[in-house]
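*Asks:* Annotations for this protein, taken from Swiss-Prot, read as follows:
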BINDING   Gly32, Arg33, Asn34, Gly35, Ser36, Gly37, Lys38, Ser39  ATP binding site
COILED    173-357  coiled coil
COILED    389-504  coiled coil
COILED    668-1022  coiled coil
DOMAIN    530-642  domain 'SMC hinge'
MOD_RES   Lys105  N6-acetyllysine
MOD_RES   Lys106  N6-acetyllysine
MOD_RES   Lys140  N6-acetyllysine
MOD_RES   Thr783  phosphothreonine
MOD_RES   Ser787  phosphoserine
MOD_RES   Ser886  phosphoserine
MOD_RES   Ser1013  phosphoserine
MOD_RES   Ser1065  phosphoserine
MOD_RES   Ser1067  phosphoserine
MOD_RES   Ser1074  phosphoserine
MOD_RES   Ser1083  phosphoserine
REGION    242-268  region 'Disordered'
REGION    1059-1090  region 'Disordered'
Amino acid sequence: MYIKQVIIQGFRSYRDQTIVDPFSSKHNVIVGRNGSGKSNFFYAIQFVLSDEFSHLRPEQRLALLHEGTGPRVISAFVEIIFDNSDNRLPIDKEEVSLRRVIGAKKDQYFLDKKMVTKNDVMNLLESAGFSRSNPYYIVKQGKINQMATAPDSQRLKLLREVAGTRVYDERKEESISLMKETEGKREKINELLKYIEERLHTLEEEKEELAQYQKWDKMRRALEYTIYNQELNETRAKLDELSAKRETSGEKSRQLRDAQQDARDKMEDIERQVRELKTKISAMKEEKEQLSAERQEQIKQRTKLELKAKDLQDELAGNSEQRKRLLKERQKLLEKIEEKQKELAETEPKFNSVKEKEERGIARLAQATQERTDLYAKQGRGSQFTSKEERDKWIKKELKSLDQAINDKKRQIAAIHKDLEDTEANKEKNLEQYNKLDQDLNEVKARVEELDRKYYEVKNKKDELQSERNYLWREENAEQQALAAKREDLEKKQQLLRAATGKAILNGIDSINKVLDHFRRKGINQHVQNGYHGIVMNNFECEPAFYTCVEVTAGNRLFYHIVDSDEVSTKILMEFNKMNLPGEVTFLPLNKLDVRDTAYPETNDAIPMISKLRYNPRFDKAFKHVFGKTLICRSMEVSTQLARAFTMDCITLEGDQVSHRGALTGGYYDTRKSRLELQKDVRKAEEELGELEAKLNENLRRNIERINNEIDQLMNQMQQIETQQRKFKASRDSTLSEMKMLKEKRQQSEKTFMPKQRSLQSLEASLHAMESTRESLKAELGTDLPSQLSLEDQKRVDALNDEIRQLQQKNRQLLNERIKLEGIITRVETYLNENLRKRLDQVEQELNELRETEGGTVLTATTSQLEAINKRVKDTMARSEDLDNSIDKTEAGIKELQKSMERWKNMEKEHMDAINHDTKELEKMTNRQGMLLKKKEECMKKIRELGSLPQEAFEKYQTLSLKQLFRKLEQCNTELKKYSHVNKKALDQFVNFSEQKEKLIKRQEELDRGYKSIMELMNVLELRKYEAIQLTFKQVSKNFSEVFQKLVPGAKATLVMKKGDVEGSQSQDEGEGSGESERGSGSQSSVPSVDQFTGVGIRVSFTGKQGEMREMQQLSGGQKSLVALALIFAIQKCDPAPFYLFDEIDQALDAQHRKAVSDMIMELAVHAQFITTTFRPELLESADKSSGKSE
């Protein structure tokens, strides 16, 4: 083992962390100038290892901290790393670090970074070979000089430290202290024995009078015992009688409380029934209000439908009359039209004949006029043209123009002909289209009527379903109110259960549920969810008669949480703490419960509690853990007997417990606050609530949902029908619009037909005139150019003039006649088209509309709706009447329940008054019992105070009455007054002092033996100390001579033990080996004393001659230092350490002696590590490793 590395920070001159290079296991030399920090390095190692720095005050710790410029150092540490490859330190590591940290308010040791105490460090170093009695493995600067100049007594002190006499001295001091304490005790015992002897002599004289006193006192105590015993027996009899009365009263009170509880249960049941009935009434009244509102709405709808049906019926009746009237009017219109058409048929041929004659006359007039014009033009061309050729040229040009004009006329005539033909064809086509549209219109009307009928059928069905849904809604509302009442009742029961349970436990249960909900939401830890089974109370059932004893037995264990394993509970608790949830939870992990089978006593007076519980066998361990060692007993007496005999907990049905350890607990238990009863009520309420919710969901809501779906389907059908209706009505309107448009087109074409015909006639007449002119011009072409008309042409002109006059006159006559006929035709046609036919169309349209209404679709649908609404009104009124009857019956039931409530209240009050009366009586009996118990205690106390009595005292006076006893007692007291001055405790004191004397004598003998043992121990210690000094002196003296000869070859040195008497009046010197023959010479006892040694002298001869031996005072400074070094080496060889630290031990030596010291260190470094500081070269030569220090 050796120092491998030193780390220093903040210590003295070392501000920053300084790591000293790894040291060699042999000789290490540190060189440096003065003030470079060599000594502080040694101080740092001493700071960790030496006792010198063991108890530092705050100011001393601050003095060790580095002081310099810059920030203040608040802590420092020195760490030494040891090479422990030889396992010299009892630590199984090759490297061991020891650090000491100091600050203004701390001083701590760390071994391998773990904090340890100073004593642990010192013990560890001692186990490695560091001796507290030999501090010379560290030699500080100046220590050599100090030893060189030290007196002999100081060297003797050093020798005693090396020999380890400190331990002997410490034990001797302890022995002296014990001896002084023992001596003091012996003196006190002697004083007490002297006092007791004197007191016993006095008490011997008082014993005679005391005998007489004791005689009468014995009689007095016997009499008093008899009196007290009789009073005690009388009191016990009264107490037994009172206990019987209390038991009877208690039984009666229990019966009254049970009756009172039954009354309260009945009242609570009645209150619950009243609440339910009131809720039912509220629901029925609310339903009645809804029915009333529905009935008002239904009556309103019925009134509307009745009015609508009446209007429709009136309309149908009126339509029948109107139809008759319209048909009659239509017939008249048809007759008039036929008459007018007949008139028109008679007039049109005349008109056509006159018109044809007129057209022919006009055509002939135009032709004759054109011919005459041509003849006059022919006559005029004689003067117009100068020559025949010029005329022919003009004629040709004119013929060309005429041909073009004739062609244009022909084209116009052909176009008009085509137009007239098209008009006629369009007229036929229009008529066909009109007939086709009329047929389509009839089909659309039939389809619309069918859709109307279907629409009203679907609507009636929808109204019926809505009425059924309204009824179901009312039912659902009633069920919802019942559900709300049940939920409120459940919340009240849960609140009562919460009030009977601790807040911390409830918070714990809620928190566990939150953790499990968190797992479920996250979908994690499924095995934890499956492994949690709820609290104990929710996992078993039992008869109500056992509720009290079961609940008292389990206590808060009812709320322990059952889990499959400790892993499940750990997972839950980890999440519980992670979520920082409140509450208190206790788990029962089934895999960790160690439950053994219990042998129950076979008796008819007790049964195992666990046999009365019903639970899942899977949780058998949990229930055996809680209830397995408890018996239900018939009475407290049975409980007490069985608890003692079978070491089991016993309990009565009333909850009175007897622990197997002997403790008794019991008293009145309020069953109204039974948590099991409350839990049963909560569970029952939850089941009823679940049944109501299931009923609501399965029946009503499912039917409502079904009806809603059907209504939605019917609404969709109605929408589809309405869409089809709109489509067909739009088609009907479009068809009517097309028919009207076709009719208007036909009338328009008829209006334009006659003008086109007249235009055609005019164009044809004009064409004939133009053709006649063209023929005339062609005939003239090539003829001679006349100057005047020929005779024939003149005749023709005259004839044409006569014809034109006749035609004009005839045409005027025809025109007048045509105008007259045309006026008749126009008037007749106007009357037909604008009056008769238009009115006929209106009549036909009204008849069509009447035919649509006469279909009865609307009236049928309205009648059907009216029947349905009447049925709903009837049903609503019937339901309302039923509700009125139910409300009356329910209110009557409430009144009956309230009467019953009053009866039970009165009964409960009577029971309460009886209980209060019994309670007062019980209090009186309790007070009396207390007084009797007090009297009993007083009697028993007085009997105890009488002390021990002879056997005859218990029987001698038993036959006497109290009066006789008191008379004898009075006589005794009179006699006892004569001995009032007697020390009544003389005998007791005599006995007491005698016993004390014996004890003190025994104690004195023990102290004498102890004193002798201490003296023997001190002699042994003194002998061992003497032997240790002698042995150490021999070893050191021998080592000193050998080391000195090696340091100074040929020289001689010896140690001399100096002696003297104890007083110090004489002294003598003893050389090496003479001490043992002189043992004990300086002591008057048989045990030699070390006090005879006065010092250790040194005698040396540097020449080796015996005659030149000199004392230390006669040596030079260098010689003294060398001798001191030799002594240190001798001490170290006597008590070797793992390593040594020398701080400038060679500063006073010359070069030759420094070389000798270096060789000595080199020799010793084979078995131990040396760390030395120097600024001389000699030590460096033998160093295995050297390093420099600089500031």
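Cβ from N, Cα, C; glycine included.
Remember, predicted model here, so these are calculated numbers, not experimental data.
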*Asks:* Helix, strand or coil at Lys105 (N6-acetyllysine), per DSSP?
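*Replies:* Its secondary structure by DSSP: coil.
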*Asks:* On the 0 to 100 pLDDT scale, where does the domain 'SMC hinge' (530-642) sit on average?
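*Replies:* A mean pLDDT of 91 is what the model gives the domain 'SMC hinge' (530-642).
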*Asks:* Within 10 Å of each Cβ, count the other Cβ atoms and name the one among the binding-site residues Gly32, Gly37 with the highest count.
*Replies:* Gly37
*Asks:* Cα distance, Lys140 (N6-acetyllysine) to Gly35 (ATP binding site), nearest Å?
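*Replies:* Per the Cα atoms, Gly35 (ATP binding site) and Lys140 (N6-acetyllysine) stand 15 Å apart.
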*Asks:* Sorry to bug you, but what's the C-alpha spacing from Ser1013 (phosphoserine) to Asn34 (ATP binding site), rounded to the closest Å?
*Replies:* 58
*Asks:* For the region 'Disordered' (242-268), DSSP counts of helix, strand and coil?
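*Replies:* DSSP composition of the region 'Disordered' (242-268): 27 helix, 0 strand, 0 coil.
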*Asks:* Between the Cα atoms of Gly37 (ATP binding site) and Lys106 (N6-acetyllysine), find the distance and write it as a whole number of Å.
*Replies:* 25
*Asks:* Could you round the CA separation between Ser1013 (phosphoserine) and Arg33 (ATP binding site) to a whole angstrom and send it over?
*Replies:* 61
*Asks:* Any same-chain residues 6+ apart from Lys140 (N6-acetyllysine) with CB under 8 Å of its CB? Would you list them in sequence order, or say none?
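*Replies:* Correct list: Ser39, Phe42, Gln46, Asp1143.
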*Asks:* How many neighbouring Cβ atoms, not counting its own, are there within 10 Å of the Cβ of Ser39 (ATP binding site)?
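*Replies:* Excluding its own Cβ, the number within 10 Å is 20.
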*Asks:* In the domain 'SMC hinge' (530-642), how many residues does DSSP assign to helix, to strand and to coil?
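*Replies:* Looking at the domain 'SMC hinge' (530-642) with DSSP, the answer is 57 helix, 21 strand, 35 coil.
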*Asks:* Counting other Cβ atoms within 10 Å of each Cβ, which of the recorded positions Arg33, Lys38, Lys105 scores lowest?
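*Replies:* Comparing Cβ neighbours within 10 Å for the recorded positions Arg33, Lys38, Lys105, Lys105 has the fewest.
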*Asks:* Can you give me the Cα-Cα distance between Lys105 (N6-acetyllysine) and Gly32 (ATP binding site) in Å, rounded to a whole number?
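*Replies:* Given the Cα positions, Lys105 (N6-acetyllysine) is 34 Å from Gly32 (ATP binding site).
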